[in-house]
Amino acid sequence: MSNIRRLANEMANGQPEESVAPESNGAMPLPEITLEVSPPTDDDAAAATTPSPTPHAESVAPESNGAMPLPEITLEVSPPTEAVADGKEPVETDGKKPEPSEPEPLQAVEAQEPSPTETNTNQPQPGGVGVKEQAVSENSTVKEEGPCSPPPTEAVADGKEPVETDGKKPEPSEPEPLQAVEAQEPSPTETNTNQPQPGGVGVKKQAVSENSTVKEEGPCSPPPTEDASSLKKLSIELPNDSVPVPAMGRKDSVWSLGDGQGPDDLEKPIDSPPRSTLLIESPQSATILVGGDITFVAKVEGKDLLRKPTIKWIKGKWMDLASKTGKHLQLKETFERLTKIHTFEMHIVKAKDNYAGNYRCEVTYKDRFDSCCFDLEVKEAEGSQNIDIRSAFKRREPKPDEGPEVDVWEILKNARPDQYEKIAFMYGITDLRGLLKRMKKITRVEKKTEAFAKKLDPAYQADKGGKIRMVVDLADPTVELKWYKNGLEIRSSPKYIFEHKGTQRIMFINNCSLNDDAAYSVAAGDENCATELFVKELPVKIVKNIEAVKTTVNERIELECEVSEQGAQVKWMKNGVEVPTGVRSRYRVKCEGTKHFLVIDDASREDTGTYSLMATGGTSEAHIQVDLKPLKIFQDLQDMKVMLGQPINLHCEIFPGNVAGRWYRNGQLIQPNDRINIVHKNKVHRLEIATSTLHDTGDYTFVPEGYSQSLSAKIHIIDPPRVHLESLNFPDNTMTIVAGNKLRLEIPITGEPAPRVVWMKGERVILESGHRVRAETYGDQTSLTIDVTEREDTGNYKIVLQNEAGKATASIKVKVVDIPDPPEAPLVPVVGGDWCSMTWEPPKYDGSSPILGYYIERKKKQSSRWMRLNFDLIKETSFEPKKMIEGVPYEVRIFAVNAIGSSRPSEPSKAFTPLAVTSEPTMLVVDDITDTTVTVKWRPPETIGAAGLDGYLVEYCVEGTDDWVVSNKELTEKTKFTITGLTPGTRILVRVKAINAAGASTPRTLQHHVMVKEIIEPPKIRVPRHLKQTYTRRVGEAVNLVVPFMGKPRPKINWLKEGQPIEPTHVNIRNTDCDSIIFIRKAERSHSGKYEMTVQVENYVDTAILDIQVIDLPGPPQSVTIEDVWGGNVALVWTPPKDNGNAPITGYTIQKADKKTMEWFTCIEHYHRSCITITELVVGNEYFFRIFAENMCGLSETATQSKKSALIVKEGMQVKTHEFTDHDFMEAPKFTQPLINTFAIAGYNATLNCSVRANPRAKVVWMKNRITILDDPRYRMFSNQGVCTLEIRKPSPYDGGTYTCKAVNDLGEAQVDCKLEIKVQTQEL
């Protein structure tokens, strides 16, 4: 049930009122509080050590250092003026204690630190009283005692802000005493706000010792006198603007009402600041009124500074004001270039009380530093110099600039009850409860309506299961009436019963449940009235208590408790902890009507405890005691003797059978595992060991759980002797050792008792006293030792073990190995160009170890240095040495290698000399086929011997025969050859051999036979990607297009333009076997069109179309008309140009010119439409306009000018223009400075200059030897203000000649010539 509905319920039923927390928006003001601090007296000092007789006072422990008790603080709360107006008695201040209606203790309050997530807010925050002490030690506490008014809300009592998230208020509760709240620093995330923040009036005390306690006793006392000895210094501490946490703990970082220095700093001598090295003007201390503005200025001489210095404005000792700039703080920096002075300003706008304090300005430049300190004092305006501490406890009204004032009181009085919570959330009301109680006292005047003579009550209340009656009186009984619940129409039913009594309409709600707790309304025609129903749930009481139970383990326990209501929610507890009732829980809970049961099927000793059932109206509890049953032994454990490896079974029978137990061996707890299994079945307890070991020998004990008795037995394990050869990890129990090494075999043995050991080789017994061969036995192992092994030590050794439990034998083989004998001399049957093939036989004796491989060495016959050819062993008996020098004799030899090592080298082989032919030719393919010839080509052999390559031999074989015919009688050195004289239609196979002095190489043969018949390949035109779209070129540029194609035999090429043959005089076409080239030296617009290329091979044809577009600059627009002139605006309209330059018009450039100067200025570029309005023209000027057309080539060479001019006339005035004749500035080109013959040095840039005058502007063309210079990167042409320049980059002797500069415009043309001679520098030798 929401808070609003509960409040409305209290209003409707007239419940007693509670304390009301006033709101800042039209709510009741807070009571006035007077705080008095009195110095301690002798009586107080004596009372500090003894308990106080006052009922409301608390004893204060004396200080450990014997200091005097702290001064007492008396807190007086006076009712607001409105309370007096309502008829309440004001609290007297003459020292008498008022009689509070509901006195509650006011406990110690310590101001808590705001949450770290506090941010700026426009909502009013709960106020409070903060006590701040100057020079206060740690862990100080302030206590307030005595009956005073309770805090406005629970949130204030806890020292926390009320959190409002979804508009709902916390559940109302009885006023609670104020708890101790520790004074903490504000969060680092606090920011500046204009709304009241949690805070209030702080009382500062000087020289308070550590762990001190301040008491506020008794009822409200009279206001303190203004005696300097009794009244301590007071200050209002307001929240600072985003003060960091480290700074808030310092006394100089608080924006207080006092001066910048604290009380402790007043007595300290003020050190004179160091002499300024940067500042030429420092900010000075000042005093302003609250709400005033002030500016502090600092100036720095910048003549000797290369860059701007760094400045910091600091408040107190640590607070950097650069991060606090905003509405009330602004920083400004300027620099005067003439005086070279940097000016830094700090503006404080609408100063507040907490802006007072000490400030510091720090200036830094490289290694230079300067600073100055100044103070700011903020005073109250006249009439408000005296601080009214009672006004500090009142909530501040919102400032006028924060928006229009809203009378929430009037809105709530005129609103329906179901809208109270929404209005409270909208206007930020935190104590709606108080406002609703004030509204309850107001006498409401029921408005007479046309439909209702009397409306529903504001709220109704009913008990759960009860009945409620709602009555409405109609003014017109004939009006149709409808009842609604939460906006849904209510139909007549056994639950909802409707009655009519005259003009009254009554609705009964039977058997009220929590679902009936809702908003109800009645609609009569166009009018309606609303109310709310609150259903109160009755507490569930205990009817029959739980009975105590005493039983033994494994019994069933059932606890029964009866409550007053069926289906009530209850909780079962055990020793104060809720009993788990899940699926796997030992506890079961069931309910039968009003009876509730807790069942424990198999009780254990852990179930002993106090069980209770909790209901909303009471608790019932009882004690359960679970004891053990007496132990009886039916069968005890028996001693056993077990063979090693056999299973062990120990079992016993005890009563009771469901008692668990633990097994122990030699005092160690036995845990079940894969080998050990512990069985408990009814009365039988059994220990099963699947395979016994020697470690299982010992004393076994079974201890029943919960009993002091135990059962014991002994187990003895018998083990026959065994030899554990598997620990040696020798294959086939064979020990291999190198001759000459020492052999020591250590073999583990087992047996109980310890067996007798005998070593034998054949029939000979090895004694322990032997010299070179001896046997030893000790502990659980035996050993055989041979100091120096020999080949004769190879053989089988036998071990015999015997004890009283049995006999065991084992044998081990010893193998003595050595290096093998050297192989015989190798044979070299095949010799190549740089390789040979060699073979050999294995050695006769392998050293009793398999041959692992061989090493091969080689050397030149004349040399004595052998070179190892392989680093990895060769397991075969053949090898091919490579990388030998042809013509040089070599010898080879062999080393045999086994696991022991390498043998001595074999005898060297007979000397041999490498010599070989080249490798076969590569990549043999058919290049061309005709009716009588076949052309093949190949690549040279990959390997050519030292004899070189003399040539190639080409042979062919007709299909069906094995005869190879030599095509070339003489060797050919080329890698391409044409076989002639072939019969058409035959199939041949071709091969090629490489010939040198050593002979012919392996032939390279074609993979397939070749048919002697010319192959027709259909034509295919491969159009380049850039020619698949329109190919665009400007007029005068060269066109050179290459179109490749394929086809055999050579195809015929034909070109058409727009379906007509191409004239060779206009377009040059050149055809080859694989491509066709179309070339145009200077493209003209007439060359534009679609060119069709046709490639034909016999009856096969392929075509391709190339679209060539030659574009030029567009012509000017046809006409430009001034449509209208108004104000400073002119409307222009023009028609597109006739000639678009063979490309679409992309835009227009509009220019204007004043008639007086005729200097053209561009108004807009790349304009797409054919009409425009030119704005911002100067009044009194007369303008002409001209327009250029633009396409992808650029702007048109000329522009179309408006025939008429546009006179910008000021509205209301007539300008009389005088007629005059314009001077004709048109002039044909004329060179004012001709070209001069020039000499230039080869490799150095040369420049030709001349000047020309012409109007309109002439087009300048440069020529060399009467040939126009076009896009040649070696030339750069400039024209600026009539000065024409031609730059020749790094000229050569070929650049010499006659250069001409030609200027052309509509009135004529002119040209000048000069000669350029290039000289070549000669180097002096």
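Any Cβ shown, glycine's included, is placed from N, Cα and C.
All annotation found in TrEMBL is predicted automatically rather than curated by experts.
What TrEMBL records for 85-100, 157-172 is compositional bias 'Basic and acidic residues'. Residues or ranges marked as compositional bias 'Polar residues' in TrEMBL: 114-125, 186-197. Per TrEMBL, the feature domain 'Ig-like' maps to 274-364, 539-625, 630-712, 721-815, 1019-1107, 1229-1317. For 822-916, 920-1015, 1116-1212, the entry in TrEMBL reads domain 'Fibronectin type-III'. Annotated region 'Disordered' per TrEMBL: 1-271, in sequence order.
Under DSSP, the residues of the domain 'Ig-like' (721-815) split into helix, strand and coil as follows: 10 helix, 58 strand, 27 coil. Helix, strand and coil residue tallies for the domain 'Ig-like' (630-712), in that order: 3 helix, 44 strand, 36 coil [DSSP]. DSSP labels the residues of the domain 'Ig-like' (539-625) in these numbers: 3 helix, 47 strand, 37 coil. If you take every residue in the domain 'Fibronectin type-III' (1116-1212) and average the pLDDT, you get 91. Look at the domain 'Fibronectin type-III' (822-916): DSSP puts its residues at 0 helix, 35 strand, 60 coil.
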